[in-house]
Amino acid sequence: MQQTLDGAMRRNLILLACCQAVGQAGNTMMFAATALSVVTFFPNRDLATLPVTMQHLGVMLSVFPAGLLMQRLGRRFGFRLGSVFGMLGAGTMVLGLYSASLVLMCLGGLILGYAVANLQMYRFAAVELAPAAYRARAISWVTAGGVVAGVLGPTLVRLTHDQLFPLYLATYGAMVGIHLTVFTIMSFIRFPAPPAPQAASLGATQALPPRPLREIAAQPRFVVAVISAMVAFGMMSFLMSASPLAIVACGLPHTEAHWVIFLHVMGMFVPAFFTGNLITRYGTLNVMIAGLAVLAAGIAAGLAGTDAWHFRIALTLNGLGWNFLFVGATTLVTTCYRPSERGKTQALNDFLVFGTTACASFLAGFLHEHLGWAPLNWYSVGLLACAVVPVLWLRLQRPQPVPA
């Protein structure tokens, strides 16, 4: 079995990272623009994050069909279909904002959910493009494409938000171009062929029959990995979705919200350049524990005040903690299934993760409008505790030696 990265593998990973960069930029634009665009025409601020919630709901509903489709027809077909849904969803958002229709904007968010479901599977596809010894690094490298997204997304929002009327109309138009670009780049990536149903010749692990999903899900490692990913994405969505509303409510300008989202996305993706190496050196669970500690520090910064720098530090730390916890959880998930179980296991993981994310993004707008920014951070403490206990339990059950 090949244990080194050759030129073709590097090329494929670089192209996949480019898709991650461009696709995640569109997702960042959705987070940065949606709540602020909805309040320009819809008086009920409780529902300002509803289109984002519908996107997360779309992800939750799409992960199983998208995963099974890729299992049958391959990654390239599935990812390009996701880009088509992205163009359709962004176009629907344009129509919804132009006609001041919250229903159409929510429909656009729901359609975009299929595109985002595919975007989240890039990290699993990275594992298939690299040897086993490079699993954590491949996930980390592709995730690092989000660094470009952190610059590109907020920059496009700043450049486009006032170019057409109503505000942010051009932003959603730019998102159509984002998904068209991903569709084009994806054409040049050579993914492995989907495994045949009876692939006995591919080796002992592949030849083993797939286990029932309930048996896979009952593994302690899988339970801890999924809970950790749910908390990572739930906390990220909970605080990031509400932060633009909180920033404006505290008397800070709209441009400060764009800047805070930029720092948050940098926190999410810049560490990905070295997270894989940290996992290789210190162990998956130790990096996840570090992520939990950083998330706790972000909550403390959010509770310390409501000046611009409080928001900047809190959301940057939130992004950094998300990176450590989520990349670690993803790496842990990939050790829980056989190749023949890939599609359904990844789909279950993302179904649970984005179900949590949908609930978090919806509650963010509602709770912020009725309770304020500080209570959101206090509620995040309870969410964080849901991951601290199982991760520490698994760490104590399975000590990880540190290389000298």
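Even glycines carry a Cβ here, placed using N, Cα and C.
Look at TrEMBL and you will find 221-404 tagged as domain 'Major facilitator superfamily (MFS) profile'. Feature annotation from TrEMBL assigns transmembrane segment to 53-70, 77-94, 100-117, 138-157, 169-189, 222-247, 259-280, 287-305, 311-335, 347-366, 378-396.
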Checklist outcome for this item: Sequence-distant residues near the transmembrane segment (100-117) by C-beta distance (under 8 Å, 6 or more away from its ends) are 23, 26-27, 30, 34, 37-38, 41-42, 47, 50-63, 66, 82-83, 85-86, 88-94, 166, 172, 179, 350, 354
Next on the checklist: Under 8 Å for C-beta pairs, could you tell me which stretch among 77-94, 169-189, 222-247 has the largest tally with the transmembrane segment (378-396)?
Outcome noted: 222-247
Checklist entry - For the transmembrane segment (287-305), what are the same-chain contacts with Cβ under 8 Å, counting residues 6+ beyond its ends? => result 228, 232, 235, 239, 275, 278-279, 311, 313-318, 320-329, 332, 373-374, 376-378, 380-381, 384, 387-388, 391-392, 395
Next on the checklist: Do any residues, 6 or more residues outside the transmembrane segment (311-335), come within under 8 Å Cβ-to-Cβ of it, and if so which ones?
Outcome noted: 123-124, 127, 135-136, 139-140, 143, 221-222, 224-226, 228-229, 231-233, 235-236, 239-240, 243, 246-247, 252, 256, 259-261, 263-269, 271-272, 275-276, 278-279, 284-285, 287-288, 290-299, 301-302, 345-346, 349, 377, 387
Checklist entry - Which one of these stretches, 53-70, 77-94, 259-280, has the most C-beta pairs shorter than 8 Å to the transmembrane segment (138-157)? => result 259-280
